[in-house]
Amino acid sequence: MVYLILSTYSLILASFLHVVGSNYPVRRPFLFRKSSECDHCGKKLRAVDMIPVMSFVILKGRSNCCNERMSRTYFIVELLSPIFICTLYSVYGFNYSFYVHVFIFSLLIILYVSDIFYLHIPNLILLVYFLSFAGFYGLTNRDMLSDQLYQLFMGCVIFLGTYFLVRRGFGFGDIKLLILLCFLLSLKEALFIFVIAVFSGVTLIGVAYMFQKELKAKKIPFVPFILVGFMCSPFISDYFWEFIFHR
């Protein structure tokens, strides 16, 4: 029963986060709209067109009103959310780590959609999440706030250093996100996420280049790979570092 409730609410959350990620970066209103509209023709969507996951499958990835192809991000976001949140619950239950990771997951879903659609990471979204955590730590545990600010400082040193040394392959928005993850999680987890993101990105892009040479001229969004690293982090990060340092 718990998993059913979690799945239902995570699907609703995923749909809303997708709306935020696809509308906020271009300053389209999304909070007080009377109804949802087709991305292509602007026609009002029916309830049957907005069933998470199922609508995409039933309609074969095409809009019911104008038969245009829908973005796969709808399906990916709505599929990943219940899987990740239910798996997270099975490991942590409803403890502090569960809520922190769900909160950060919501950030990354918004930025995933924004990066896919617009290759843009909104600064205000990053600021809102930073202030939310800083306010929470400041009210509940000031020692933890100090610890997390230290993690943030170290993240600035390492990731800004990486950015200025490497430059190619990373946008400054990606670096700001990784630095924020140092504050929201820890430097250790952010480094793990970065390693997995780079590895998965290089692997996938390398395979894609073999079949589509024109990809070399295109900019590739990096947030999807950061999301992959984050989704692995709660489950294998500790094992990864234990393997690295205790071989």
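Backbone N, Cα and C define each Cβ position, glycine as well.
Pulled from TrEMBL:
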- 10-89: domain 'Prepilin peptidase A24 N-terminal' (DOMAIN)
- 103-204: domain 'Prepilin type IV endopeptidase peptidase' (DOMAIN)
- 6-26: transmembrane segment (TRANSMEM)
- 73-92: transmembrane segment (TRANSMEM)
- 98-114: transmembrane segment (TRANSMEM)
- 121-137: transmembrane segment (TRANSMEM)
- 149-166: transmembrane segment (TRANSMEM)
- 178-210: transmembrane segment (TRANSMEM)
- 222-241: transmembrane segment (TRANSMEM)
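The transmembrane segment (178-210) makes no contact with the transmembrane segment (6-26): fewer than 3 of their CB pairs lie within 8 A, with pairs spaced 6 or more apart in sequence. If one looks beyond the transmembrane segment (121-137) by at least 6 residues along the same chain, the residues whose Cβ comes under 8 Å of a Cβ in the stretch are 24-25, 103-104, 107, 110-111, 114-115, 144-145, 148, 171, 173-174, 176-177, 180, 183-184, 223. Across the candidate stretches 6-26, 149-166, 222-241, the maximum count of CB pairs under 8 A to the transmembrane segment (98-114) is reached by 6-26. Taken through DSSP, the domain 'Prepilin type IV endopeptidase peptidase' (103-204) splits into 90 helix, 0 strand, 12 coil.
Panel annotation: around the transmembrane segment (73-92), residues 2-3, 6-7, 10-11, 13-15, 17-18, 22, 52-53, 56-57, 61, 98, 101-102, 105, 109, 112-113, 116-117, 231, 234-235 of the same chain, lying at least six beyond its termini, place a Cβ under 8 Å from a Cβ of the stretch.
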